[in-house]
Amino acid sequence: MGRFIFVSFGLLVVYLSLSGTAADCSSSWSSYEGHCYKAFKQSKTWADAESFCTKQVNGGHLVSIESSGEADFVAHLIAQKIKSAKIHVWIGLRAQNKEKQCSIEWSDGSSISYENWIEEESKKCLGVHKATGFRKWENFYCEQRDPFVCEA
């Protein structure tokens, strides 16, 4: 009896220590660092892609890339899931006009903590570029229709 309790307690400790390490993503989404991601092949404008992401899952937005590890994960996800991407794939970064001052922030409202620009230009919406293995950010016209990645 004592051995059963000891083994049961040990299994409970292992379960509890592992239960917080991955996001609780549905089967069609991929998990990385506690967040869920899904790449979509259909082409949408930046605004339509952002709207689509918010309707997919509670807390969903276009992807916010906050580290080089996350950039590598997203690039790999795009390469796996969106083989038809011609030039670029939308991410959640966009220039916002706030009280006549332009600020760049992620569509989920978070500030930029990691940067990976190809070059800064005057266009307002950003995507990851195919020529860089979908790792570098580049400005594109917001009305272009392209694939995208959602994050929750």
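Glycine is no exception: its Cβ is also placed from the backbone N, Cα and C atoms.
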Per Swiss-Prot, cysteine bonded by disulfide to CYS150 (from CYS36, CYS53, CYS102): CYS53
Helix-strand-coil residue split for the domain 'C-type lectin' (24-152), DSSP-based: 28 helix, 48 strand, 53 coil
Distance from GLU151 (Ca(2+) binding site) back to CYS53 (disulfide bond), taken between C-alpha atoms, in Å: 8
Around the Cβ of CYS53 (disulfide bond), the count of other Cβ atoms that are within 10 Å: 26
Site with most surrounding Cβ atoms, counting all protein chains shown within 10 Å, from the disulfide-bonded residues CYS142, CYS150: CYS150
Disulfide-bonded residues compared (CYS25, CYS36, CYS125) - highest count of Cβ atoms within 10 Å: CYS125
